[in-house]
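Here the structure is laid out as structure tokens; the discussion comes afterwards.
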Amino acid sequence: MTLTVAQLSESELLARIFPRLHAGSSMLLGPGDDSAIIAAADGRTVISIDTQVQDKDFRLLWPNGGTSSGFDVGWKAAAQNLSDINAMGAVATAMVVSLTLPGTTPVGWVEDFADGLSAAIVGLGAPQCSVAGGDLSGGSELVVTVAVTGSLDGLAPVLRSGAQAGDQIAVCGNMGFAAAGWALHESSILPSTHSPALATAAALFSRPEPPLSAGPVAARAGATAMMDISDGLLRDATRLAAASGVTLDLDGAVLRGVARALEDCAVVLDADPLTWVLTGGEDHGLLSTFPEGASLPDGFIRIGSVLSLDVAGLAVTIDGQNFKGASDGAVGWDHFAV
Ligand SMILES: [Mg+2]
């Protein structure tokens, strides 16, 4: 019979979790006291928080029979929080985790979750970040909340509001893969039949790989504005444009080139790969602007130019043209299709 969390006391469950939590160099006092203590040498602390609710933000069982394991949910929770620190140009220092668990949750799921959290921290290149502690509670549904702190290490933060007319627009990281993986999970295509391309998309949906060293590198290279792409390029570009009071004009040919990497998946799923690139969230790539003439750091590709808002009167354009529905992410692609 599977051991469930209802069969253990809180301290018994914590005793199984603590040894699995990654301890990075920033941790001065780890879990077990009333609070943990994290070094903050910079004098400023970057902080962010994110909550995922079962069957709203993630599923354990997907329509195509695929599953998300505790490891996957832990990895994803860590990845998206680390990405928000990265997007400021900062380096993560610590995480605290709150888990609300139905009593029927297998203890193995919770252990797997802790392993996924720690594996993402190390695997994605943030080994200095510690899981410093957290909280356990019972409830009718599984809820995962992660708060993360970071250090700017002497750099100025890169905000969404700094883009200027004349800047280059650039992205770094995967684009559209998580959206392809999500479409696959929602399809009737059994995991056992996945081609390598489909398997890659499914894996990147379950365990996204944000480019965690790229944020501080972009900050040092003079990025004028930055955010991570968590809700889709068009939606997030609209937010950055609004914060900066500019128009972001995207280059359709470059984006079609980016979408080519998803063509194999798109054929099988009868989908448009460009729509995944433009509207797919959860890859947690970086959207950044750099001064014209600045050489882009490794891994960044130029996808457009920042225009004065007066030119187009729109937050985001593609090849200088409007397209339907960009503000709500439901893109009518007819205008751009060639
Ligand atoms: Mg973000």
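Glycine is no exception: its Cβ is also placed from the backbone N, Cα and C atoms.
Keep in mind the model is a prediction, meaning the values are calculated, not measured.
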Residue from ASP72, ASP84, ASP112, ASP115 that TrEMBL also lists as binding Mg(2+) 4 with ASP34, SER48: ASP84
Spatial separation of ASP135 (Mg(2+) 1 binding site) from ASP84 (Mg(2+) 4 binding site) - C-alpha basis, Å: 22
Those residues of the chain, 6+ apart, with a Cβ under 8 Å from that of ASP228 (Mg(2+) 3 binding site): SER83, ASP84, ASN86, ALA87, PRO210, ASP236, HIS284, GLY285, LEU286, LEU287
Contacting binding-site residues for ligand 1, chosen from ASP57, ASP84, ASP228 when the Cβ sits under 6 angstroms of any of its atoms: ASP84, ASP228
Binding-site residues near GLU282 (substrate binding site) (Cα-Cα within 10 Å), from ASP34, SER48, ASP50, GLY134, ASP135, ARG160: none
DSSP-derived structure type at ASP84 (Mg(2+) 4 binding site), helix or strand or else coil: helix
